[in-house]
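Input: a single structure, listed below in structure tokens.
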Amino acid sequence: MTRGRIRAKIRPSNLYTFACLRPITAESEGTQSVQGPGFSRVVKCNEPGLHRKKPLKYCSNGISTTRYNVINFLPKAFFEQFRRAANIYFLVAAICSLFQISPFTPLSMIAPLVFVLGVSMTKEAIEDWHRFVQDMKVNNRKVLVHKGMGAFGNKQWRNLVVGDIVKVEKNKFFPADLLLLSTSYEDGLCYVETMNLDGETNLKVKRSLEISIGLDSDDRFKDFKGMIQCEDPNPSLYTFVGKFDYNKEAYPLDPSQILLRDSKLRNTAFAYGVVIFTGHDSKVMQNSTMSPSKRSRIERKMDRIIYILLSALLGVSVVSSIGFYVQTKYQMRAWWYLMPMRSSPCYDPNQAVASGFCHFVTALMLYGYLIPISLYVSIEMVKFLQAIIINRDIEMYDEETGTPALARTSNLNEELGQVDTILSDKTGTLTCNQMDFLKCSIAGSSYGIKSSEVELAVDKQIAIDLEEERNEISDFHGPICYGGSEIELESIITTVEGKNELKNFVKGFSFEDSRLMNGNWIKDPKATEILLFMRILALCHAAIPEVNEETDEISYEAESPDEIAFLVAAREFGFEFFKRNQSSIYIREHYPSPENPIEREYKILNLLDFTSKRKRMSVIVQDEDGQILLLCKGADSIIFDRLANHGRTYEEFTTNHLNEYGENGLRTLALAYKRLDEAEYEAWNDEFSKAKISIGADRDVMLEKVSDMMERNLILIGATAVEDKLQNGVPQCIDKLALAGIKIWVLTGDKMETAINIGFACSLLRQGMKQICISVPNSDTLGQDEEKAVKEDILMQMTNASQMIKLEKDCNAAFALIIDGKSLIYALEEDTKNQFLGLAIDCASVICCRVSPKQKALVTRLVKEGTGKTTLAIGDGANDVGMIQEADIGVGISGVEGMQAVMASDFSIAQFRFLEKLLVVHGHWCYKRIAQMVCYFFYKNIAFGLTFFYFEAVTAFSGQSIYDDWYMILFNVFVTSLPVISLGVFEQDVSSDICLQFPALYQQGPQNLFFDWYKIVGWMGNGLVTSGIIFIFNIAFFYDQAFRLGGQTADMTTLGTVMFTCTVWVVNCQIALTMNHFTWIQHFFIWGSIGLWYLFLLIYGMLSPVYTGNVYMILSEVLGPAPTYWTVTLLVTVTCNLPYFLHISIQRCFYPMDHHVIQEIKYCKKDVQDNIMWAREKSKARQDTKIGFTARVESKIQQLKGRLHKKHLSDDSSKTSFATPLHEV
């Protein structure tokens, strides 16, 4: 099918819902036009010169996804950097350092700011450069373009203009949005892969206008001219309205003739098209919107801490300026050696107020080290490295698809450790979106004996529960026989599993029933109905067959996995769909004679596509005998409403079967048909043709109205049931997340019965859990009074449910809220949403059924804003994009439904089960790392920055810095930066295995135990105490006594160097005490930073005094030989870290946290030596939960204990009744 031309004579005017029809002549449709607001685009075909100048000049075809260019990079990058208050402060301080009032040289203030801004802007530039390189690769692609006189030549994409005629070859991308003119097939058909648009790998069928099919070779375009009038550029991928004027006739255009940029031509040798939309006017670029900006809670809180420190900086600066004012006004006159009468206004006793203000500015700069200038850039580096670790986690790599986990943004790493509620899609997220045909109902009889995964899971759990109950009771009363039911159940399960191993696996087909297999259905009394059922499966679809040239096997490309499952089932039943063209579909029927199959051709008269609004699909075909048939499949609620009175013969039986299939977790569709006589069809087709040739925004509405007329008075033939299998590891993952204290909501478009059964399979629901089902009666039209009554009914249901939960006396009782989409319409209204949220929070499990994509986003927003806690949304389809972007964290699954969810997400994984490690391990680690890192940053800057203030206080607030300028440059950039980065990247309180064995450790994040105000203030207090100890000890040792053997006393440079040495030792030893997990990297960074300080001091001191001043030879000649220097360093280091050491010692001994206990057990190897204790600690370290497999087991144990307790009571009462008469005797 994929090679050569299809020679069949066809009339495209009879094909498909959106096929191109007969022309609109001037006489018949003279007034029709697409001109007006939103429909002003005019394209002159094959006349690109007209589009290079106004008024028909449109944007170029070159695209740019970069944020910056050469001109705007510096302004925009600086704007982004100076949105942070801390950076604005340091910029002002750097400018002030250029004036005499600065206590520092300009270099010491400007260099750190340039370094921090340089690193951040370089990171931005590198990321943008990658985007630029990718853009250039796309813009420089080449495509064949008509050069004139029927000759085609290569042209770069970026040079294309509207009106160009392009020739796209097989497996090449379309360079712009094109109107399809012709293809290598004579019927104008081509196949398109839209993976880059919507992620779907299934091929789409496109078909050209009938009038342009003849333009199928290069020379045909020599004299081609035409004009297109159409809609203006817009982001709608699935709509298009326009008309094509050719040979003085107008032809309506619709999406089936439009080839979108970045989609690929498949299974077609070539296709010709005319450029309609270029560059950023193309639909794919119109859809390229920036993801919403998300910031973590820690980062937002960090901003508040920065503001607090800025306030503290202002406070100490005010105190310092007041002190300087007092000294200047009342004491400076006595300091004759300062020559106060000749001083500048900043040191003039006669202008003390002005002097105080000048000193205020000086103090703002002097105490600026209270603000950690390198905090933001360090956190960005750490998060980037954390993202690399997540991306390279082999345990989150899916071998089947070759897909690793991907942190698409590193801004939210720590947010992964604070998730309170997960909102999950079902299909493709909890389930595989791989459909297997499992059961069917035909003419009132159910076929298919194989159990679904839900049935098997339930049966196995019953067997396990019975076995546990038997063992539990036998411990007290000896062996108990339950009879043969349990043995029979287990044997059935074993038998089914054994058969599965022996049977040849056919992907998409798990059906087992000898009544329909191998042609046995021919002997059935209802063989006619079964035959019709099989033909509906084989004919009612829009799939494409692909033949493997090596094996001659046929595979199918379809827009949904359901259709593929139906076609595979039809093939296995003996009705093989093997060929189609635009006018016909061909079936190879193997029965009644398997050796001599019959090839039948069915002419396709119309195809009424499936949409989420219609919830059905129909095809009108004509068989070889001339009989016209409407074949329809769709949701049972839709099909049943359209049945004729004489078509309801099997309705009751089919309804029962559908309910049974739904209870077993299967997805169902109803199948129906209608026979048409030729006159009836022609009358309807005339109306349908009029609707199709209409041009305007209401064309789709008219088509739907006419389609609905045909899809009435149907005859029900049966129903299908396909299984959407659970993803591997989903129940175990949900159990682990529940034990970690995370709430899980399921938001699905499936019907309530299916969602409930998937809930049981995933252990979100269990036996004994009280289900609160909120729904409204099915009604398509509701008047105002009726809507009010429905809303009041919903409110009453929620009120009664809340009251029931409050009055429940059993502390072990669990409630599940199940609500449908219609009820959510009212529950999410402004005056009712808080009551709905309160009810949902009180329930252990929440399942929302039949919800729209918008409702998913609204529910996510309600949970996020209503609880104020971190939400995570996870999904795999385009309908999940809204909730993924709305949640605090969006996780996309790269599944069958496409990549739109991944493209909109913050993190992507291949399977739902990987969410367990992403949160419980990486989330836990990242939260603690970032929290401890930020707290430590504030600690070390306060410890260093306040020493400036103390020195000021004892030197009459002179505004003099005690440290050399190079020391201050080193502090944040080198000697303290690498250890804190190693803390943020490599720190682990426990290993990944322990995180998974003790999931309750995760609750340290949602409870914010490591970044609450108690911790923050504690670390700030630690910095305050440390700064005091450093200053006091150094002043005490060096103020007025000799420190060298020669009797020399310390000058200011010596004192500053010793204080800085003490600070470097103290803060680096403090981070060593903070760490729980060491590798050689941490040791190298911590002790290497201290060594770097001494190396710098040695080399810097050896430079000429012209550059070093009083620091000349300070280590080798002044401090190195002095024992006092080393003694003070050791004493200060021990004293400063002693309070923290005592704190953690007391905490571990008397108030241990969970990870402290686990660390001690592991250190003492009690996990190996004492398995009982280890198991006991594991059972303690999990959150109380009422969902998950563990909760089901515990619930069963509680039931067994209750039965045993009742049995003991009855036994005791029996003994008492026998003992009393004996006593009386």
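Here the Cβ of each residue, glycine as well, is placed from N, Cα and C on the backbone.
Here is what TrEMBL records for this protein:
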- ASP425, LYS426, THR427, GLU563, PHE610, LYS633, ARG667, THR748, GLY749, ASP750, ARG850, LYS856, ASN879, ASP880: ATP binding site (BINDING)
- ASP425, THR427, ASP876, ASP880: Mg(2+) binding site (BINDING)
- 902-1152: domain 'P-type ATPase C-terminal' (DOMAIN)
- 305-326: transmembrane segment (TRANSMEM)
- 352-377: transmembrane segment (TRANSMEM)
- 937-960: transmembrane segment (TRANSMEM)
- 966-986: transmembrane segment (TRANSMEM)
- 1016-1039: transmembrane segment (TRANSMEM)
- 1054-1073: transmembrane segment (TRANSMEM)
- 1085-1103: transmembrane segment (TRANSMEM)
- 1123-1142: transmembrane segment (TRANSMEM)
Worksheet item: Any idea what the Cα distance is from ARG850 (ATP binding site) over to ASP876 (Mg(2+) binding site), rounded to a whole Å?
Response: 17
Discussion item. Using a threshold of three or more Cβ pairs below 8 Å, and leaving out pairs closer than 6 in sequence, do the transmembrane segment (1085-1103) and the transmembrane segment (966-986) count as in contact?
Written reply: yes
Practice prompt. Round to the nearest Å and give the CA-to-CA distance linking ASP880 (Mg(2+) binding site) with ASP425 (ATP binding site).
Written response: 7
Fill in: PHE610 (ATP binding site) CB neighbourhood, other CB atoms within 10 A
20
Worksheet item: Counting Cβ atoms within 10 Å across all protein chains shown, which of the binding-site residues ARG667, ARG850 comes out on top?
Response: ARG667
Worksheet item: At the Cα level, what's the spacing in Å between ASP876 (Mg(2+) binding site) and GLY749 (ATP binding site), rounded?
Response: 13
Discussion item. To see if you understand the setup: which same-chain residues, six or more apart in sequence, place their Cβ under 8 Å from that of ASN879 (ATP binding site)?
Written reply: ASP425, GLY749, SER852, PRO853, LYS856
Item to complete: Just name the winner among ASP425, ASP876 (the binding-site residues) by count of other CB atoms within 10 A of its CB.
Response: ASP876
Discussion item. Cβ atoms within 10 Å, counted per site: which of GLY749, ASP880 has the most, among these binding-site residues?
Written reply: ASP880
Fill in: Per-region confidence, the domain 'P-type ATPase C-terminal' (902-1152) (mean pLDDT, whole number)
91
